[in-house]
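Visitor: I'd like to ask you about the structure that follows.
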Amino acid sequence: MERVLGIIGGSGVYGIEGLQDARWQAVDTPWGTPSDEILTGRHDGVSMAFLPRHGRGHVHAPGDVPYRANIDALKRLGVTDLVSVSACGSFREEMAPGDFVIVDQFVDRTRGRPSSFFGSGCVAHVGLAHPVCGRLAEAAAEAAEAAGATVHRGGTYLAMEGPQFSPQAESLLYRDWGCDVIGMTNMPEVRLAREAEICYATVAMVTDYDSWHPGHEAVDVASVLATLAANVAKARAFAAALPGALGAERAPCPHGCDRALESAIMTAPERRDPALLARLDAVAGRVL
Ligand SMILES: CSC[C@H]1O[C@H](OP(=O)(O)O)[C@H](O)[C@@H]1O
Ligand SMILES: Nc1ncnc2[nH]cnc12
């Protein structure tokens, strides 16, 4: 089957270059309006869809990003593999500003964000023990290395609510918990991608040492933006290398991400809510 590669660009990443037949398109969803229009096109023969998570001009705060609309819209465009590019703070000396971390686990400390497409009238429980697709993460690591980045394979991302940065006591606590990087956006995105049966991986671009490091000033927006600006060429080279690392043809996911709903829905067919089923047309149409 054909691969459609989605990229969600985080802070500082509001577009990608070099797409053939590039066009920004508006996509309506039953979950509201996505963060922005979606840039579609082709690169190295691979169909692509790019969405700036905060919108062009950075208008959506992390807690207000329309995560469900974003994932639904990408699914509607046929996205099979989705890579998030995110700015993050680091809890590890060796994960230095400018490095790329290929995240493989999450701790979720966000609050009050709609975090499922399912609910009363159609209850589903997908597995999230391995939230990141190993196949996609490996391709992302290869592309990041090809882009000249220092790459750390594996890392636990602490998703905080924000929008304020962390108090130092929390920064120290998250380090003790064994978390490696911190950001405000990958939850509930990763949950929703799994429910939508989209392979998901995240590339965390380290911008700072949060507020735990005795040898560094506590994080602020100016330091994040300075590091992002210094690494914009690497981020662009990564986005350009990724389609080639994956290829246009796609075999079924060896980890089952693209079949996550197969045994997840519990509500008896005759008790399902038609209004909710209608909203699930793109996300779960395959199994409903
Ligand atoms: C500007 S630093 C805080 C901001 O940056 C990260 O966003 P994203 O993951 O979209 O790159 C972080 O999670 C915060 O939302
Ligand atoms: N230290 C930090 N905490 C939360 N989100 C971030 N994004 C970039 N740096 C961050």
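Using the three backbone atoms N, Cα and C, a Cβ is placed for every residue, glycine included.
Unlike curated records, TrEMBL annotations are generated automatically.
The structure displayed is predicted, hence computed values, not measured ones.
Found this in TrEMBL, in case it helps:
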type: BINDING; residues: S11, R53, H54, S86, A87, T185; note: phosphate binding site
type: BINDING; residues: M184, D208, Y209, D210; note: substrate binding site
type: DOMAIN; residues: 5-240; note: domain 'Nucleoside phosphorylase'
type: SITE; residues: S166; note: site 'Important for substrate specificity'
type: SITE; residues: V221; note: site 'Important for substrate specificity'
Visitor: Please list, in sequence order, every residue of the chain apart from S11, R53, H54, S86, A87, T185 whose Cβ lies within 8 Å of the Cβ centroid of the phosphate site.
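Guide: Sorted by sequence, the hits are G9, G10, G12, V13, P62, V85, G183, M184.
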Visitor: Round to the nearest Å and give the CA-to-CA distance linking H54 (phosphate binding site) with M184 (substrate binding site).
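Guide: H54 (phosphate binding site) to M184 (substrate binding site), Cα-Cα distance: 12 Å.
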Visitor: Residues with Cβ closer than 8 Å to the Cβ of R53 (phosphate binding site), same chain and 6+ apart in sequence?
Guide: I8, G9, G10, S35, H60, V65, N70, S84, T185
Visitor: Average pLDDT across the domain 'Nucleoside phosphorylase' (5-240)?
Guide: 97
Visitor: For the binding-site residues D208, D210, which one has the sparsest Cβ surroundings, going by other Cβ atoms within 10 Å?
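Guide: Selected from the binding-site residues D208, D210 on minimum Cβ neighbours within 10 Å: D208.
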Visitor: Give the residue from the binding-site residues S11, S86, T185 that has the most other Cβ atoms within 10 Å of its Cβ, counting over every protein chain displayed.
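Guide: The residue with the most neighbouring Cβ atoms within 10 Å is T185.
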Visitor: Using CB under 6 Å from any atom of ligand 1, narrow the binding-site residues S86, D208, D210 to the ones that qualify.
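Guide: Checked binding-site residues vs ligand 1; flagged S86.
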Visitor: Where's the emptiest Cβ shell within 10 Å among the recorded positions A87, S166, M184, V221?
Guide: V221
Visitor: Taking only the binding-site residues S11, A87, M184, Y209, D210, which one has a CA atom nearest to the CA atom of S166 (site 'Important for substrate specificity')?
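Guide: Out of the listed candidates, the nearest Cα belongs to D210.
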Visitor: Taking Cα-Cα distance, which of the recorded positions M184, D208, Y209, D210, V221 are within 10 Å of A87 (phosphate binding site)?
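Guide: The recorded positions close to A87 (phosphate binding site) (Cα within 10 Å), listed in sequence order, are M184, D208.
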